[in-house]
Amino acid sequence: MAASARRASQLLGSAASRLLHARGFAAAAAAAPSPAVFVDKSTRVICQGITGKNGTFHTEQAIEYGTTMVGGVTPKKGGTEHLGLPVFNSVAEAKAETKANASVIYVPPPFAAAAIMEAMEAELDLVVCITEGIPQHDMVKVKAALNKQSKTRLIGPNCPGIIKPGECKIGIMPGYIHKPGRVGIVSRSGTLTYEAVFQTTAVGLGQSTCVGIGGDPFNGTNFVDCLEKFVDDPQTEGIVLIGEIGGTAEEDAAAFIQESKTQKPVVAFIAGLTAPPGRRMGHAGAIVSGGKGTAQDKIKALREAGVTVVESPAKIGSTMFEIFKQRGMLE
C-alpha cells in the first residue's frame with residue numbers, strides 16, 4: 001500500500017513537473033519579443049524535405065552555423081531521426097512536438113506549393129521557400145491564400161533565404177561571408193546579395209539582417225515589407241537594395257522610402273540595364289514587357305527618392321562606407 005502511494009506521488013510529481021515546464025515554456029515564448037526583422041536566435045526552424053539531398057546538406061550547414069533547427073518533415077518517414085533531429089509526417093505534427101515557428105522548404109517544384117500551403121495551414125510565423133521553378137499557376141493559388149491570412153509570412157520562392165549574422169541562417173547563403181553589423185540588405189538576386197554581403201563585411205560595416213526575396217513574379221515578401229522592418233530596426237543603420245528589371249517592386253520601394261522620410265542611407269543597384277525588351281533574364285520576373293519595368297525607370301524613381309544608385313555592383317560596399325564616413329557614422 002505504501003509503495004503504491006509512493007508511486008502515485010511520484011507520478012503526480014512528474015505530471016506537475018511537466019505542467020510547470022510546459023507553462024514555463026509557454027511563458028517564455030509569450031515573453032520573447034518578436035524579431036526586429038523576421039528572424040533571430042530564438043527562431044525555431046524545421047526543414048520540409050529534410051531527408052532529400054538539398055535538405056540534408058543545408059540543414060547540416062544551418063546547424064553548424066548555430067541556427068536552432070528543431071526537426072524536419074518528410075511524409076512517410078515520421079518517427080525516424082535524421083542528422084540527430086526528429087522527422088515528422090506533417091508540419092502540424094512537427095510544430096506541436098517541437099514548438100517550431102519557422103520552416104525552410106527544400107521540396108521539388110511540383111510539390112513545393114503544397115508544402116508552402118501546409119506550413120501556412122499550421123500557422124507558422126515564417127516560411128522560407130528556396131525552391132526554383134515552381135509553376136506560376138501554383139504560386140497564384142499560394143499568393144491568394146497568403147493574402148487571406150495574416151499569421152504566416154512567406155519569403156521566396158526561388159530565393160537564397162534570410163540570415164541574421166551570428167544568430168540564425170535559413171537558406172543556402174554561405175554563412176562565413178557574413179558579419180554581425182549595421183547594414184540591412186534586401187535583394188531580388190541571390191548571388192548579388194552575396195556580393196553586397198562580402199563588400200559590407202570587407203569595409204567593416206557588417207550586416208544586421210539580409211533577406212533574399214527571390215526573383216519570381218509571385219513572391220511572398222517584397223521590398224517594402226523588408227524596408228518597413230529595416231527603417232524601424234535600431235540595429236540597421238544603412239540599407240542596401242538590389243533590384244532588377246521587370247515588375248514595379250523597385251518603384252514601390254522608392255515611393256515607400258520617400259513617404260517614410262527615413263534618414264538612414266539607402267544604396268541601390270539595379271541589374272539589367274542593357275537587357276533587351278521581351279527577353280527573360282535569368283529570373284522568371286526579370287523581363288521588360290509592354291515598355292514597363294526597365295532599369296532606367298527604376299533608377300530614376302530611386303534617385304528621386306534620395307537613394308544613392310550605383311552603376312556597378314562592385315561599388316556597393318565602398319559607397320555605403322563613404323556615406324557612413326561623410327555622416328560621421330564611423331566609430
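Backbone N, Cα and C define each Cβ position, glycine as well.
For the CoA site, Swiss-Prot records THR51, GLY52, LYS53, ASN54, ILE130, THR131, GLU132, and the single candidate of LYS76, LYS77, LYS99, LYS164 listed with them is LYS77. The Cα of TYR194 (substrate binding site) lies closest to that of ASN54, out of the binding-site residues THR51, GLY52, ASN54, LYS77. Taking a C-beta cut-off of under 8 angstroms and a sequence separation of 6 or more, ILE130 (CoA binding site) has the following same-chain neighbours: ASN54, HIS58, VAL104, ILE105, TYR106, GLY156, PRO157, ASN158, CYS159, PRO160, GLY161, GLY171, ILE172.
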